[in-house]
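Here the structure is laid out as structure tokens; the discussion comes afterwards.
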Ligand code: HEM
Ligand SMILES: [Cu+2]
Ligand SMILES: [Cu+2]
């Protein structure tokens, strides 16, 4: 087949570009440790979240010396809970699911960004180094009130952060579902 | 051969007789009529879609809110469906009907069959359109506020899904029509290379047959029975995956008619010849092979799909850059050939020798330039983990307004200035307005798309009527969010004005009483002709087979694991809004 | 001038008057030269695309390492 030499050169440059892109992504995964949302979160019944450990009482849980879990439920048109607080310099794992339709979960100004699909649990682990106020928005159209679906995440100075071990509920949350305590998670160290 | 006279007041009818015998309109008056009717639907959809576009641009930036925010999503559904389903695909059908006929030099086998698929596509469109528009009228129970991606369990009225299915069947029939036309040609031309334009039409349609399997299963097996209330809600991750099985290749379906025009018409308009016919064929074969096994790249941040599957999709996606990068070379080299034949010199000086006063040329060239920029933001989208940065932010509409919204749409507008006189026999109403219009589109898109990209990096979500929240502040790298909003709205207004000028210009052309001149429909032969490539490139059965095998390899395990996870009909999924009371419960 | 694609096998059939969409004459047939496959090297194309290559490589690096990796918290598990 006849191909002009310049075009062969361009073909080589294009392949170089492609390989370079793939290598960068592999570096991000292997070197910088970035993980994609995957199937680890498992499945839930969206109508039975009230009886599902974690989602029955959405919010922040301390699970280790410096480790926290946050369960979040998306509903038309809000996140439960609508405010969350975690200390800086901690490892936070979000478990996010939906009670109705497909939603999105994006912590604005960070790379924490996932789809929220009813029946599936999105599990993402994030480290917050600096204290700050973050907005969380739903970035997938979920119905006529989609644009009002947002929440707030406060990353506090560790010394100012108060939460007892094995306590599911969180001070300052304005959610109504924090009355009943769930069986204490045996995971705390 | 006759030369058109100079008499003032000559009318189109008398002028038709003066068109050269080999002009398309004289040789194929029937196909010309088919193309005119397809273009008419495409342009009506474009006009309404562009109007929705400017409403959205003004609304979401808060510049002017002319509708209720709850209705924003009805308009957005209309915008998406009219522009990327109706406008693009009807125009594609017109270009393909023209190109297949022109290059095979024979009409379709059956006039009735041709009109049958035109009617099928139109009926499907009308059904889906009515379902969407009815959402604005609260007194009807009908609505389809589901955007053009219609993710379950958001639910639309059954006639929306049925309309989509009918429309897709119409496109399949169109493909069958073009294949029959080709087979008729083949019987008389055994052993010949497939003419290039026809080759492009056929490979694209093979890709489409494979791609639409995903959406056909989604709609026919799951969504229609569910919306009619006779089956439970399907697994939302499964229907999403079936959608994106179709949703990525569809973007190449939009793009292929633009590529066809760039490869075959643009060199002629530039005064040159296609640089390489062999590479053009290789490019279309690569698209047939690689367009479908990549759809999971739209699901990089979906739960329920293992990272390995996402990585495989990314590798395929990155290699899918290759045919587009090769296209950049071949098309630019063909234009440069024109410039050099017109006396252009130097490394960059030849650019000045191009026919920049011709809207058909300038429009397509600017469309190509925008595609180079859109290609870059697409590379970012495609990078598996960097996708976290931009997923579902307004960056993404910023990206695809450069690709489908300009590379494709502006090429279609520019090509119309060249093609409409050829299928109507009427002189273009105004070349200067045409030139102004294509440049205006380019400028408008620079504003709108740049603002969208930058807003996306600040985290502003897409598909949102009021992306202004009490809890959230968006921070941009440079400039303020409010200036980005103004730029987005300003760009949107320029685009809308450009769209109106285009519609006016083609409308007046269609009614122009002045006859078109010199409508030579011959295209110059390629510099490197098909004889310089192996004949295996024309073995369509082989490529189709490999394409199917690649799709099976890429999708069987992910689909299997999704169904293993939550099942086909997971418990607890409910339609919202439930458009029709579930019949299941009524019976039970 | 009005040769069909099949007839236009020779270079000379290609060169000639060309018109804008509205029928205005674009180029003067007299200054036309016909460049054949052997006489033409697309050096301008190569130059343009190498510039594009550099832009892509630089922008990619900037977007990945500055915009993305510098963008606060990232998913690590
Ligand atoms: C007058 C010109 C146009 C304007 C002002 C415009 C404006 C917009 C805006 C502001 C959005 C974002 C809405 C949101 O996410 O909230 C949007 C979305 C979109 N536009 Fe356009 N647009 C125009 C032309 C086009 C063209 C020509 C195409 C394709 C051929 C197109 C395809 C789309 C698609 C597919 C979406 C996404 C819809 C969705 O998210 O469901 N637009 N447009
Ligand atoms: Cu939402
Ligand atoms: Cu894609």
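From the backbone N, Cα and C atoms, a Cβ is placed for every residue, glycine too.
Owing to the predicted nature of the structure, the values given are computational and were not obtained by experimental measurement.
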Of B:244-266, B:566-588, the range TrEMBL labels transmembrane segment:
B:244-266
Counting only pairs at least 6 apart in sequence, do the transmembrane segment (B:278-298) and the transmembrane segment (B:400-420) share 3+ Cβ pairs under 8 Å?
no
Sequence-distant residues near the transmembrane segment (B:78-101) by C-beta distance (under 8 Å, 6 or more away from its ends) are 24, 28, 31, 34-36, 38-39, 41-43, 45-46, 48-50, 52-53, 56, 107-108, 114, 118, 121, 125, 128-129, 132-133, 147-149, 167, 171, 174, 178, 181-182, 197-198, 200-201, 204-205, 250, 253-254, 256-257, 260-261, 264, 404-405, 408-409, 412, 415, 419, 423
In the same chain, residues at least 6 away from the ends of the transmembrane segment (B:400-420) whose Cβ sits under 8 Å of its Cβ atoms read 35, 39, 42, 46, 83-84, 87-88, 91, 95, 98, 251, 254-255, 257-258, 261-262, 265, 269, 359-364, 366-368, 370-371, 373-375, 377-378, 426, 428, 431, 434, 437-438, 441-442, 445, 448-449, 452, 502, 505-506, 509-510
Within the same chain, where does the transmembrane segment (B:488-508) have neighbours whose Cβ lies under 8 angstroms from its own Cβ atoms, ignoring anything closer than 6 residues to its ends? I mean 6 or more beyond.
43, 46-47, 50-51, 53-54, 56-58, 60-61, 63, 413, 416-417, 420, 428-430, 433-434, 436-438, 440-441, 443-452, 455
